[in-house]
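**Student:** Have a look at this one.
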């Protein structure tokens, strides 16, 4: 590929190559990375200069079109302190793959590369203008169109069916029609009925209303963090992002990914709570038929909307074009390399489903042999710490702050899930009640103090340490990465426990607010689609900003901005 690039570059004479070369270099971001004497910043370059100006230059060959790529440079694997990844925008030949672009930038053939040998390119992401659908088989496009069309038809038919039986039939007849198999199927797609269900704020007996608030706030936290993360890929100067990282309040953005661990705690808690209630009603009886229904219900509940979104992402997501099947098997969290990730945020569903599969065995063990079951689950929490630390040392994709392949793997992420199971079992054994005595109130007050303290340790402490000790990044330390999520999960577990036993106070009132219910029901779909919306927004912002910046772009733009 290097030879092809050089050959294409020499296809015209030196005098004729000037226009294209200047525009290609103008579009490349600077690579002034941190060292011992200065703090660097990385510019994203200019997408417009690469996509439009360079490709329309007088000396550009039809066979040599340019595309804009974002390269993440990281320090070579370290076991302790690691600085942040630094991103650089480069202009590359459209015929190159992401791996080939990585080779070119590492050799310094696409512009400026960082000084020294400690930097290596990672996570190259290229946008092929006007070539987004290349490589998508026509059958996939047909399947996508048919699936979307079928859903639309079912929604129209289901809504019309409910309208007709409501207007033209008596209540008894309507009840009879909706109880039939065909009626139940069509009513699943009725826009009217489903809208009423989504916005129904009635809290039914046995529900745990505080969980709705926790779920919504966690989802909003993730979206907020991803919006800020995506903003770093725009063409705006990166200096402002680097400066914010040293402010104490940055912990809100610094640890937004821990909200995913809240989802794991909630999922495990609800599954275990429901499962234990069913075992109690049936005197501990559980058959293989029950297990089959248990798994089938979960798969059917999650997969249809998941499949719909996978089909929507297929034309633009290169990973989905080849590795879509990993998502449907819920093993996609082990396929997170370049070109293999399909619907990136869905890695969480893989972890959750895999834990859901083994959950019945762990719950049954706690129900039938309480001491052994609790001991096994506690052992699994500790095992998750050891697994994360051990696997990360072997992780060739390790990134700063611990975001390598192991970040997505179930063995290292099961700690919060198991803790959610243990919490549900504790409430089951105590019937969600504690004695109303002065000693209990003191213990609960102490519990709140400890819960808040460990929550602050997990979220605020890493940011404060970075601000007070420049160059020290505890989030890049293996030991901290192994336990920080379990520490945060413990704080979440305390909030749930206190709210369930009646000692949540104003926090319980806030989390149990009825307005959270509709948003909570939409959180699953919101989580899956929010990155699609962010991607569209950022792309539009890049084009707008790139067009403005291109007007003031000159030969020294990439050096002095």
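Here the Cβ of each residue, glycine as well, is placed from N, Cα and C on the backbone.
What TrEMBL lists as domain 'Acyltransferase 3' is 210-537. Summarising the annotation, TrEMBL assigns transmembrane segment to 146-169, 247-276, 345-367, 374-394, 414-432, 444-467, 487-511.
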**Student:** Under 8 Å between C-beta atoms and at least six residues away from its ends: which parts of the chain pack against the transmembrane segment (414-432)?
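**Tutor:** Counting only partners 6 or more residues beyond its ends, the transmembrane segment (414-432) has Cβ contacts under 8 Å with 261-262, 264-273, 276-277, 280, 351-352, 355, 359, 362-363, 366, 370, 373-374, 377-378, 380-381, 384-385, 485-486, 488-490, 492-493, 496-497, 500-501.
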**Student:** For the domain 'Acyltransferase 3' (210-537), what's the model's average pLDDT?
**Tutor:** 89
**Student:** When each of 247-276, 374-394, 444-467, 487-511 is checked against the transmembrane segment (345-367) for Cβ pairs under 8 Å, which one has the most?
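**Tutor:** Maximum Cβ contact count belongs to 247-276.
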**Student:** Would you kindly list the residues that approach the transmembrane segment (374-394) from elsewhere in its chain, counting only those six or more residues past its ends and only Cβ-Cβ distances under 8 Å?
**Tutor:** 79, 362, 365-366, 402, 404, 406, 409, 411-415, 418-419, 421-422, 425, 478-479, 481-483, 486
**Student:** Under 8 Å between C-beta atoms and at least six residues away from its ends: which parts of the chain pack against the transmembrane segment (247-276)?
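**Tutor:** That would be 208, 211, 214-215, 218-219, 221-222, 224-226, 228, 348, 351-352, 355-356, 359-360, 363, 367, 413, 416-421, 423-425, 427-428, 458-460, 462-464, 467, 475, 484-485, 488-489, 492-493, 496.
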